[in-house]
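Got these off Swiss-Prot a minute ago, pasting:
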- 1-18: signal peptide (SIGNAL)
- 20-142: domain 'C-type lysozyme' (DOMAIN)
- 25-139: disulfide bond (DISULFID)
- 47-130: disulfide bond (DISULFID)
- 64: N-linked glycosylation site (CARBOHYD)
- 80-96: disulfide bond (DISULFID)
- 92-110: disulfide bond (DISULFID)
- 93: N-linked glycosylation site (CARBOHYD)
- 98, 101, 103, 106, 107: Ca(2+) binding site (BINDING)
């Protein structure tokens with residue numbers, strides 16, 4: 001019985017430390033430090049994150065010669081470093097796997113660098129889907 005309880009606790013703790021699928025309101029709260037940064041509103045960020053990763057902090061997209069990581073799909077050729085692309089510019093000075101957890105602090109720091117260097121158009125979903133009719137991306141439960 002004791003080993004079953006121990007195994008159950010390990011399973012619970014393991015799940016608690018894993019990345020997760022966030023809700024709209026969780027993303028809204030987590031991204032508060034991005035509000036109006038670079039002229040981009042919080043609803044625009046929530047919309048962009050949804051259309052970029054589906055709010056999945058573990059999202060990984062393999063392209064022909066690069067990989068994109070996390071909630072914001074940050075690319076390993078320029079912004080972060082991984083084993084696939086060890087000669088990355090690594091402008092954010094970070095390992096790409098840091099974008100795969102539910103601590104968005106490092107993601108937000110890199111997003112700000114991306115905004116400063118290339119602007120919001122880095123995220124193709126923004127212009128196409130997140131520049132108008134943003135009321136649906138608000139969270140009433142703050």
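Counting starts with 1 at the first residue shown.
Here the Cβ of each residue, glycine as well, is placed from N, Cα and C on the backbone.
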Where residue 64 (N-linked glycosylation site) and residue 106 (Ca(2+) binding site) are concerned, what is their Cα separation in Å, rounded?
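Computed Cα spacing between residue 64 (N-linked glycosylation site) and residue 106 (Ca(2+) binding site) is 26 Å.
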For residue 98 (Ca(2+) binding site), find which of the disulfide-bonded residues 25, 80, 92, 110, 130, 139 come within 10 Å, Cα to Cα.
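The disulfide-bonded residues passing the 10 Å Cα test are 80.
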Taking the Cα atoms as reference points, how far is residue 47 (disulfide bond) from residue 139 (disulfide bond) in Å?
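Here the two Cα atoms are 12 Å apart.
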Around residue 110 (disulfide bond), which of the listed recorded positions (80, 93, 101, 103, 139) come within 10 Å, judging by Cα atoms?
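The recorded positions close to residue 110 (disulfide bond) (Cα within 10 Å), listed in sequence order, are 80, 93.
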Inside 8 A of the center formed by the CB atoms of 98, 101, 103, 106, 107, which other residues of the chain have their CB, for the recorded Ca(2+) site?
70, 99, 100, 102, 104, 105
Of all the disulfide-bonded residues here, 80, 110, which one's CB has the most other CB atoms within 10 A?
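Of the disulfide-bonded residues 80, 110, the most buried by Cβ count within 10 Å is 80.
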What residues, ordered by sequence, lie under 8 A Cβ-to-Cβ from residue 93 (N-linked glycosylation site) and sit at least six positions away in the same chain?
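None - residue 93 (N-linked glycosylation site) has no non-local Cβ neighbours under 8 Å at 6 or more residues apart.
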Quick one: Cα separation, residue 130 (disulfide bond) versus residue 107 (Ca(2+) binding site), in Å?
20
Measuring Cα to Cα, how many angstrom lie between residue 103 (Ca(2+) binding site) and residue 96 (disulfide bond)?
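Their Cα atoms are separated by 13 Å.
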Can you check which residue among the binding-site residues 101, 103, 106, 107 has the largest number of Cβ atoms within 10 Å of its own?
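The residue with the most neighbouring Cβ atoms within 10 Å is 107.
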If you average the pLDDT over the domain 'C-type lysozyme' (20-142), what number do you get?
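Residues in the domain 'C-type lysozyme' (20-142) carry a mean pLDDT of 95 in this prediction.
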Same chain only, sequence gap of 6 or more: which residues have a CB within under 8 Å of the CB of residue 96 (disulfide bond)?
67, 69, 74, 76, 80, 81, 82
